[in-house]
Amino acid sequence: MKTYLDLLSHVLNKGIDRTDRTGVGTRSVFGYQMRFDLQAGFPLLTTKKLHLRSIIYELLWFLRGDTNIAWLKEHGVSIWDEWADEKGNLGPIYGYQWRSWPAPDGRHIDQISNLLMMIKKTPDSRRLIVSAWNPASIKEMALPPCHCFFQFYVADGKLSCQLYQRSADIFLGIPFNIASYALLTMMIAQVSGLKVGDFIHTLGDAHLYSNHFEQAQHQLSRIPNALPFMRINPAVTDLFSFKFEDFELLNYDAQPHIKAPIAV
């Protein structure tokens, strides 16, 4: 994952120090792009160990259209706890927008189901898009979408995905986002009868929080190991039928976890 370490180094050395909503302070750049060949391995960081269980369950939770943390907590995942209200609700965040975008006429649009249909029927379309950024719902969300808009592209029997992320917490969030959208691309490719292509990650405000500088330097001192591979149960042909047990990570040789505080 030299690609990720290059981002880390670029922001540390070339970024601009700014204030931010959380009050912590950041060093950031505006506009950065990474590309990962998904046939070369699963893009999960090896320079610090990541909690893959949280990544997989969060993605399945999004695909369920769920916006309450109860299901996540049932499966030992706490990454959304800081933002939930006393009943566990987060408002109309990712899952709701993906699966039940509210239309002005009262309908609810299942963007993911529409996407799957279009990939199969019109794979050359330039409208293979899902958006989580709904201006009408922002004030109702516990946290507005950071990874807000993604598009798929089919060529030579391969499925590629490009994500636009408006706000990119490089040390804590981005490693999760890379793995999550890489996995989503693999899942959609499988149920669509396609091979995987590239995952392209385009960042808007790419930032390191000021209390992550030391951890970032520590991570940059480590040498990346070979990427692992993700084995997905080939029997699953429906995107919404995937379970945690359908995924097996192979040859993940990661260095120790690096702890860092989260900015809420």
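Every residue gets a Cβ built from N, Cα and C, even glycine.
Marked as dUMP binding site by Swiss-Prot: R21, R126, R127, R166, S167, A168, D169, N177, H207, L208, Y209. According to Swiss-Prot, the feature (6R)-5,10-methylene-5,6,7,8-tetrahydrofolate binding site maps to H51, D169, A263, an assignment based on sequence analysis. Taken from Swiss-Prot, the feature active site, nucleophile covers C146.
Calculated from their C-alpha atoms, the gap between S167 (dUMP binding site) and C146 (active site, nucleophile) amounts to 5 Å. It is 12 Å from the Cα atom of H207 (dUMP binding site) to that of A263 ((6R)-5,10-methylene-5,6,7,8-tetrahydrofolate binding site). The binding-site residues close to C146 (active site, nucleophile), defined as a CA atom within 10 A of its CA, are D169 out of H51, R127, D169, A263.
In the three-state DSSP reading, R127 (dUMP binding site) counts as coil. Under a cutoff of 8 A between CB atoms, and with a sequence separation of 6+ in the same chain, the neighbours of R127 (dUMP binding site) are M118. Residue density at C146 (active site, nucleophile): 19 other Cβ atoms are found within 10 A of its Cβ, drawing on all protein chains shown. Secondary structure from DSSP puts H51 ((6R)-5,10-methylene-5,6,7,8-tetrahydrofolate binding site) in coil.
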